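Data block below; observations after.
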């Protein structure tokens, strides 16, 4: 089935017009479900609100997973030339829409998942109940010629200090102890994918009748192999994930991008995505791919090139065609790095 380009653009614009911050994804999920059914894809909404589409076809089962929710902050939706403005255009309704149309226009064996709560605690990815796929492709902005092969982990920790009250002339209380703790942690920060980084998410300190009380919540972006201290009060921890660049899935993306006249770029990102959850959970290789500049994520300037959006659909269709019914390990066994 071939879908006209203007229909693909219309769908993306209408999806972006549905404001769907985390926790309010229901309308957008229903919109996607109706469109999938219109294209002849079996679709349903699961118990946590994920919208699932199932298209039986040829070759190994491939999971195409994006997220329906966005961060808060409405941006008026408009098209100016080649550019679509709006919250979620890049992160990640553009990539999600590209996955949808690649599935519809191919005859690969695909499960499509529009997940909820990715910008929260990934409730949708954790609760996803589908058959084990052979490969996972996550819809996140990588740029039309980019493939994301790694994301750092995300660790959210709470620190609490209680200090018996004393006269202010003596010295520091709970707040000062928390500051010392933060300086100790941040002193180990390093740039790059293999370094630890982070920020303070919440900091409160006040006096009670007989004590100084302080609470600090921090979010750390963790490198591969990082293990937090066991005595920390961990709210949530999603370890880093990195796929082998020699994986058949990665090589298929590289070849597909080259065949469309572009120079492929492999990327490792300091953020965290549902790929970190889905790949280890299913025990399969995963990459993230999609149109858009991730530097615009969460900003008031979020916008996407419609030409890049349409090109990314072609890349994904090429990938699905190559993955379909081939022994990729044999094809790439003797290929150069």
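Just so you know, glycine gets a Cβ as well, placed from its N, Cα and C.
Zn(2+) 1 binds 67, 91 as Swiss-Prot records it, and from the list 17, 26, 134, 140 the residue named for this site is 140. Here the Cα atom of residue 119 (Zn(2+) 2 binding site) is found 7 Å from that of residue 69 (active site). A separation of roughly 14 Å, to the nearest angstrom, links the Cα atoms of residue 67 (Zn(2+) 1 binding site) and residue 298 (Zn(2+) 2 binding site).
Nearest neighbour of residue 118 (active site, proton acceptor) by Cα distance, taken over the recorded positions 69, 91, 140, 298: 69.
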